[in-house]
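A quick write-up on the structure given underneath.
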């Protein structure tokens with residue numbers, strides 16, 4: 001992963017990718033997965049996303065994975081709580097009640113560390129990765145998540161030539177290709193969100209769709 005790039009973004013507080021509210025696509029589409037309460041949800045490249053708090057408030061256990069220590073610390077600080085911090089293999093685990101973050105490289109996460117997870121939520125991981133890392137990311141998810149896992153994947157679609165990522169454009173055919181081996185992939189929502197994203201408007205991007213996929217592993 002691009003360690004230096006992301007560490008420096010957090011160190012300089014250049015985190016325009018951080019959403020100040022819960023993702024509406026998560027709120028609308030998560031119930032459709034039919035996951036029982038108390039399920040544990042893996043959230044790769046989680047930052048300090050408020051989506052994790054929403055999931056916890058709805059009765060789920062949340063296990064985020066985040067490279068930047070600053071993000072993990074800020075998440076709990078901004079909640080006004082003090083997590084327990086322990087070493088866990090090559091990573092560091094921050095824990096408070098239903099919320100946990102494994103701080104370190106996502107590709108160092110083992111199947112044992114996420115053995116309790118039966119669900120996945122990815123709003124900002126796949127679209128943060130350049131094309132040459134996306135297949136590795138999908139393959140690592142397949143290695144570590146147990147069979148019959150379910151989840152949501154949120155992507156962005158826009159003309160990549162009109163703006164450099166991250167966030168990168170990840171088109172639906174690529175999503176199907178990345179997860180074809182062991183996942184059923186269903187597009188459940190597609191919305192034009194260009195008007196809500198001034199960064200893209202300023203760069204002259206002609207269109208921007210946010211696309212939500214439901215994932216079900218065999």
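Placement of Cβ uses the backbone N, Cα and C atoms for every residue, glycine included.
Look at TrEMBL and you will find 10, 45, 66, 123 tagged as S-adenosyl-L-methionine binding site.
Here the Cβ of residue 66 (S-adenosyl-L-methionine binding site) has 26 other Cβ atoms within 10 Å, regardless of which shown protein chain they belong to.
Around the Cβ of residue 123 (S-adenosyl-L-methionine binding site), the same chain contributes 23, 25, 26, 49, 51, 152, 154, each under 8 angstroms and 6 or more positions distant in sequence.
The Cβ of residue 45 (S-adenosyl-L-methionine binding site) has 24 other Cβ atoms within 10 Å, all protein chains considered.
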